[in-house]
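Listed in TrEMBL for this protein:
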type	residues	note
TRANSMEM	73-93	transmembrane segment
TRANSMEM	154-175	transmembrane segment
TRANSMEM	217-237	transmembrane segment
TRANSMEM	269-293	transmembrane segment
TRANSMEM	305-323	transmembrane segment
TRANSMEM	335-351	transmembrane segment
TRANSMEM	371-391	transmembrane segment
TRANSMEM	398-426	transmembrane segment
TRANSMEM	446-465	transmembrane segment
DOMAIN	527-566	domain 'RING-type'
REGION	582-637	region 'Disordered'
COMPBIAS	615-633	compositional bias 'Acidic residues'
Amino acid sequence: MASAHGRLGQHLQAVLDVVLRVPSIFIIDAIFNSYSDPGTGWTGTAGRALIRALGILVSSVVLVLSQKSLFKFYTLFAAVLLGAASVLINYYGTSHIDFYSTYNRAALGLGLLQLILGLGYVSLLNVPSLCAALLVLDVMLPLWGLMLELPAHLRQALALASGAILATHATVNLLWKLKWFYYSCRYVYLLLRHMYRIYGLQLLLEDTWKRIRFPDILRVFWLTRMTAQAVILVYVVRVVRSESGLQLGWDLFWDLTSNLIISGCDSMLTVLGMSAVISSLAHYLGLSILAFIGSTEEEDKRLGFVAPVLFFILALQTGLSGLDPEERLIRLSRNMCLLLTAILHFIHGMTDPVLMSLSASHVSSVRRHVPVLLVSLVLFALPVLLSYVLWHHYVLNTWLFAVTAFCVELCLKVLVSLTVYALFMIDGFYNVLWEKLDDYVYYVRSTGNIVEFVFGVIMFGNGAYTMMFESGSKIRACMMCLHAYFNIYLQAKNGWKTFINRRTAVKKINSLPEVKGTRLREIEDVCAICYQEFAASARITPCHHYFHALCLRKWLYIQDTCPMCHQRVYIEDDGHERNAFSNNNGYAAPGQERAEFEGEEGGADVGGAAGGAEPENELLEDNDSIEYDEEEWGTQPGVTLVEEEYINEDTDSN
């Protein structure tokens, strides 16, 4: 029970911490959106600029205060407000109330209110008891003069004196607290300087971002602002409707919604607030999809970070907050379409590993396959539907071309994933080693990657045209450079590297002798990589170990050594014959000659399988000493854990 109360208290403190920082965002937003009249001269302009800068500075300092300092600041601020309210009430009571007509309704009510305000003031400032009693008496004194029917000038003098005493006490108290404020600011400055020197600017900003819960602050700011504007719009509509008999229809509702959306991104802070709201929606959407398809990958939970960053970059790139209202609504809808396609691409990245895992591991449970297949079908249908709707409502332009290209690319990626999934499922259904499976998977994935690369080049050209002839900006130019590097250059480089690796591996495999037919059946053993029997053929390494061609080729993607003894597999053809073979335990097939490589020093057998000089039992012991279990591969020289995982995969990742 105590722990539950502790967690509840911490949660309430976190909520209060966020709520108390939101007014600073409102003040900064109001200062940035305030209108400045340039016709008042340079002195007025300089004064307003100074006031604006001071307001932004104070609001920023309050925004980044620690939780303890923030609570203390608002305590002092609330005390000052209570004192100011009591002074105004005394002035109103002594100047605008007729005692004879409003004694029962006003004088006693104001007296009770003043008592509450005085007690609140002394409580917040933690004033000693004697001084607190005098301050409460000072607050109540003008109303007592009203009740005693003192002349008007005396009542006003009492109110003025009471206000002066209260203001003097508040000023002295604040000046006394100024020492605390100075040391607090100095401590924060030294702490920030220390963190900057030790961790750097990036970690300092990240720590401040998390400490003050800045995304939550932006979220509360945007939702509060939108709620207030919605209430004002509804009130105005009701007033107009009552006066002119205006009927509430869909057109009016759409106008109200459009005005809210337009005002929700009219400044940089409101764009940040909208990004924070999109972050929450995308985060919970990603978690829901992960739970639905049964994925537990931590990397797939980044949708709540990717979506708002992309939205904010699009807003900066298009200058969203500086556009006219009508144009801003159109641009926002276009950015949302681009954001939707990006989210669908990210969701495909979440579902593709699950599809491959289910098909490659031959999971037979239909309930595991149905959710991820359903999500894949939705990912195929939504881009088609979006493209159909957009092409029926808009004419062709660079934006529509970009959205359509992203939709087509997503459909092709889904088709590639489903095709590879079907290939793996067919392989698992027949339960026979399909040596061409790796080639088919590579061909399918390479086709998808080539198409994706072509689309990347096309989108680069589309962006260049947009920047040159429509809306060029520095941010767009930077994004195009990043797109050219990551989506064009690196993709082409990685694809070419994969192609060269495969071609080299195939060349190495083809250089090794192949065993088929009766010669293969005479060797009763399994492939040392996959532990499956040899159905059609096997490849013999120079060290006289043999494997499936597919298994050995995957190994050769990693390194050019034998998985059993770590000797080089690929040796340039120097005229020596390699026509003999033995099994993985050093056993030579009956009727076959033992292979020896002539010309080496001492006439030693490279694979340890040539024999006349050594007894057969010693030969078997030597070969047994280099055979490892699957669990021991990661601990052997030259075999890393990454390589072991790569060998266990059914195909290479491109």
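Placed from the backbone N, Cα and C atoms, the Cβ positions cover glycine too.
Keep in mind that this is a model prediction, so the values were computed, not measured.
Most Cβ pairs under 8 Å with the transmembrane segment (73-93) belong to 154-175, among the candidate stretches 154-175, 217-237, 269-293, 335-351, 446-465. A contact between the transmembrane segment (217-237) and the transmembrane segment (154-175) is absent, since fewer than 3 of their C-beta pairs, 6 or more residues apart, lie under 8 Å.
Residues 25, 28-29, 32, 215-216, 218-219, 221-223, 225, 263, 300-309, 311-312, 315, 320-321, 339, 343, 346-347, 350-351, 354, 371-372, 375 of the same chain lie 6 or more positions beyond the ends of the transmembrane segment (269-293) yet place their CB under 8 Å from a CB of it. For the domain 'RING-type' (527-566), the DSSP-based tally of helix, strand and coil residues reads 10 helix, 8 strand, 22 coil.
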